[in-house]
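The beta-D-galactose binding site annotation in TrEMBL covers ASN88, ARG89, HIS186, SER187, TYR188, ASP256. Among the features that TrEMBL reports, active site, proton donor is placed at HIS186. Per TrEMBL, active site, proton acceptor is recorded for GLU328.
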Amino acid sequence: MVNVTEDVFATGAVNPFTNSKDTIKRFTLTNGGGMSVQLITRGAIITSIKIPDAGGKIDDVTLGFDDLAGYQSDRNPYFGATIGRVCNRIGNGSFQLNGKLVQVSKNRENKFQLHGGFVGFDKAHWEVVEVRQDGVTLSHTNPDGHEGYPGKVTATASFTLSEDNCLHVQMRAVTDKTTPVNLTNHSYFNLAGHKAGANGLYEHTIEINAYGITETDQSSIPTGKITPVDGTAFDLRVSNNLGERLKELQPARGYDDNFCVTFNPPQPLAKVARATHPPSGRWLEVVSNQPGVQFYTSNFMPDVERGEAAIPGKEGAAYAKHGAFCLETQKFPDSVNHSSFPSTILQPGESYNHEVIYKFGVSH
């Protein structure tokens, strides 16, 4: 039976939208199989996912912080957060909408927008809508004009744990004016355990069900072209050792690419990816209704071999380059500037609906 408990993660947290001082709540979802998930109302962030390995040893397999100060730090690379109003990049921080130029904030190098701007959904204090037997639903109302976006958007993020070790995340949104919406969850996974670092990551195998990647420029802004994965280091349709694949990619720092997922209509959900960690037996499968997934191997976390200081994480962890991977289900980056990409435009009266399932298990 799944159980949900609530406690306080932090008090006196300044709300970036209202300047009020809020209590940040934490919810713990636990099932009968030894799996537990924790999430907080700041940023609708998943702070912990604990699962047993093949021998029954339980470890936390997502990166995060012990306290609110960690999540508020400039060094936090969006660990576990719900990202919006538009995840990933918007080239030049601008796009045409209904014949008018929309200029949104440019929070990266004053060149483009990343993950919703300076104060994205990841920094909002989400309201608790519903606590269920097996999960919780949170809500954020994003004001008209925030970070330059038109329309008031009301978003919900629902987190549900099942007895068979599936974490179901459903992100929904409605708007009162035409606006782009593209949400994702930015969890960083390491199935060897969140402290296992690059050596643990290199032991993983990865499989991604994708026919292409969106070609990008040096700032990771899509050019509009889709490059087939055939015969490239991006062909991960058959399970491959991740460490070997990262070596093949050199001199590139690692993977940070939107993979175009292969669907089998009329099935609304597709198997997106499968990661395994053979030494522990743990595996993760991602299933989603979204056309893309950003596969990111934490290339821009600190390079300690070059003397950069690691990010101090929960339980004394030191997070560094290649210390985790992300599988961020999404519509393609910069879709607002590429009419050939699946549209991120949401109209009043429509509902944005993003489903993603993270299924964990062990191979004995």
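Note: Cβ is positioned from N, Cα and C throughout, glycine not excepted.
For the recorded positions listed here (ASP256, GLU328), the lowest count of other CB atoms within 10 A around the CB belongs to ASP256.
Cβ-based neighbour count (10 Å, all protein chains) for SER187 (beta-D-galactose binding site) stands at 26. Taking only the Cα positions, the spacing between HIS186 (beta-D-galactose binding site) and GLU328 (active site, proton acceptor) is 6 angstrom.
Non-local contacts of ARG89 (beta-D-galactose binding site) by the CB criterion (under 8 A, 6+ apart in sequence, same chain) comprise ARG108, PHE112, GLN113, LEU114, SER219, SER220, ILE221, PRO222, PRO333, ASP334. Comparing SER187 (beta-D-galactose binding site) with GLU328 (active site, proton acceptor), their Cα atoms are 8 Å apart once rounded. Across the residues annotated as binding beta-D-galactose (ASN88, ARG89, HIS186, SER187, TYR188, ASP256), the widest Cα-Cα separation comes to 18 Å. Each of the binding-site residues ASN88, HIS186, TYR188 was scored by the number of other CB atoms within 10 A of its CB, and the lowest score belongs to HIS186.
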